[in-house]
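Visitor: Quick paste of what Swiss-Prot says about this protein:
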SIGNAL    1-17  signal peptide
CARBOHYD  ASN28  N-linked glycosylation site
CARBOHYD  ASN85  N-linked glycosylation site
CARBOHYD  ASN170  N-linked glycosylation site
CARBOHYD  ASN324  N-linked glycosylation site
CARBOHYD  ASN449  N-linked glycosylation site
CARBOHYD  ASN527  N-linked glycosylation site
REGION    539-581  region 'Disordered'
CARBOHYD  ASN541  N-linked glycosylation site
CARBOHYD  ASN554  N-linked glycosylation site
CARBOHYD  ASN561  N-linked glycosylation site
CARBOHYD  ASN571  N-linked glycosylation site
LIPID     SER579  GPI-anchor amidated serine
Amino acid sequence: MKLSIISAAFLVAITHAASIKFNVIAPNATDVKVSVNGQQVTLTASDANVPYFTGSAEVGASKTYKYVAGGTEESFDRSLDGITNSTLNDFYNRPVTYANLPQLPWPIEKDPQWTRSGSKADIFDDNYIPSVFFHGDDSQVQNVVKNVPADRISGTLTFIGSNYVYSFQNVSFGIHGAGKKHNNAKQSWNWILSGSDTMGNRNFFKLRHMEEDPTQIRERLYSDILHAMGTYANDATMVRLFINNQGFGTFNMLDDITQFSYINAKFYNGKPPATLGPLYDGASGADFLYHPGNLDGYSSWVANTANPNGEAYEALDPLCKAWNETTYTDNTAIANFEKMFDLDRFMRFMVIEYLTADWDGYWMGQTNDGAYRDPTDNNKWYFLDQDFDGTFGVNLAAPEGNAFLDVSYKDFPSRYPGAVMINNLLQNADKKATFEKYLTETVRVLFNNVTLTNRVLALHNFLLPDLEWDRSIVQQSPGINFGWTFDQVTQNLWQGVTAPNNNGGGAAFGLVEYIAAKAQAVAKEFNISIVSQPVGPPSANGTTAAAPAPAAGNSTGKGGNQSISSSASSNKTSAQSTSGASRSKTAPIVLAISALALLVF
């Protein structure tokens, strides 16, 4: 017993003497310290172009810490609970480093998840907001920002994630879709990594400005839902962007499905075959309609310039011909066509296009789609979906107005006859039954005012401090500025809002308002009961886990309640930092003595 008492005391002494490595991103700061254990310890940045400050400090008996930048101390405490060697990469004046967002359930039993891409890349971690720093020649940067040409800038890009830092040289950086007539002043951007460099098995990254959506959640949420549906949709997450140390705001970082970077990651887990299949970007008119004797009828399918053997849009002809010649009511004929085209996951995409009123997608608009032919899967074609900004009621123009949400999917074929793939597929009784099963089960457990709203509110609360920063930025490029205010970021969850600059911006539906109304309409049509508690994905034992609900928290004073405790930053401290931090030498000693104490007792 005496030995156990000595061990416990020794354990306390060693724990209190621990040295912790602190890591913080502090834009526009040069003098950064950590305040802990009654002292302020200076942190340093190894790269003058990246405000990423690190350093070690003795924590003693302290339970909390905070950062000081330019003499200004953070107004809140950060918890040291669970941190034994290094903090995550904190961001100055952001109380939550790492969240605990509720995950969505998997509503489809058959092939519930897409597994060919492997585990989710850490760069798309739901619970962390990465910071992206690009540095290039200042005159070139100023030209691109002020004059918005299609010019590319070569420079250095640093990507700071939760517990790692990636840095790349010779990165090609520029405006995505430069020169379009209706671009926003907050431009969209992209970058291409050099040579064999990759990040998360990708080399091409797109940053969407999300200016159509005051909440800046809809497009990311759409991808979240599609992943829960077991599809190969593009990954997406919010990042902060800085160009030559100037803040440009929050952006949705996502795959561009028209690039082989996306195909390599989502279809081959970073290990593509020696020869890839042809990839196509579906512009307006990309509808899968057969054009006998007129190969130019497929010109809406824009071929990727890197397609093997230079395969152009003519490659769509055999697929469209086969669909045109299929007897849609015949199960055998449908089964034969499925050897050529993945109909099952195509239906999953269509379920979500319908539920979100994706007017700028395939079913309603025959646009913003794509196609890929996979040489490793008997040359099967896969439908691709993209650009999810016109969803959940954004810019929705329908003669019924708000009553459009009551329109049944059964009316879509007559309203949107150009979508020949889904419309003809629904002529098959078995496929129609499968579609309805996917639709109703998705609404019952996921797409409703219980489960999905639970995630929306948690995500909103987590992102809110950064959205306040984003709304404060005066964009430097020419283009449309709707003038959305920070208050409208929250208001548009619950109700429609009008752009202050009266120059467009169609946010006539609140995001949660839309979800609740659409779910109720489908539930009424099919007489289904929506879950009463939020549902999560299957747990390790095979049962369906309940999703955590957003907790009440301290008011931020301006945009709602901050629901995620700042102690969430300790939830991932077991992961070893790759930014150069070394594990505290006291950790093995603590573990050994703890074990000894337990044995003695």
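Note that Cβ sites are derived from N, Cα and C of the backbone, with glycine treated the same way.
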Visitor: Name the one residue among ASN28, ASN85, ASN324, ASN449, ASN527 whose Cα is closest in three-dimensional space to that of ASN170 (N-linked glycosylation site); these are the glycosylation sites.
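Guide: Closest by Cα distance to ASN170 (N-linked glycosylation site) among the glycosylation sites ASN28, ASN85, ASN324, ASN449, ASN527: ASN28.
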Visitor: Using DSSP with the three-state reduction, classify ASN170 (N-linked glycosylation site) as helix, strand or coil.
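Guide: Looking at the DSSP assignment, ASN170 (N-linked glycosylation site) belongs to a strand.
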Visitor: For ASN85 (N-linked glycosylation site), just count the other CB atoms lying within 10 A of its CB, please.
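Guide: Counting Cβ neighbours of ASN85 (N-linked glycosylation site) within 10 Å gives 20.
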Visitor: If I take the alpha carbons of ASN527 (N-linked glycosylation site) and ASN449 (N-linked glycosylation site), what is the distance between them in whole Å?
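Guide: Roughly 16 Å, rounded to the nearest whole number.
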Visitor: Counting Cβ atoms within 10 Å across all protein chains shown, which of the glycosylation sites ASN28, ASN324, ASN449 comes out on top?
Guide: ASN449
Visitor: Distance check, please: Cα of ASN449 (N-linked glycosylation site) against Cα of ASN324 (N-linked glycosylation site), rounded to an integer number of angstrom.
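Guide: That comes out at 40 Å between the alpha carbons.
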Visitor: Can you see whether DSSP assigns ASN527 (N-linked glycosylation site) to helix, strand or coil?
Guide: coil
Visitor: Would you say which of the glycosylation sites ASN170, ASN527 has the most Cβ atoms within 10 Å of its own Cβ?
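Guide: Checking each of ASN170, ASN527, the winner is ASN170.
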Visitor: Cα distance, ASN28 (N-linked glycosylation site) to ASN324 (N-linked glycosylation site), nearest Å?
Guide: 60
Visitor: Please report how many Å separate the Cα atom of ASN85 (N-linked glycosylation site) from that of ASN28 (N-linked glycosylation site), as a whole number.
Guide: 27
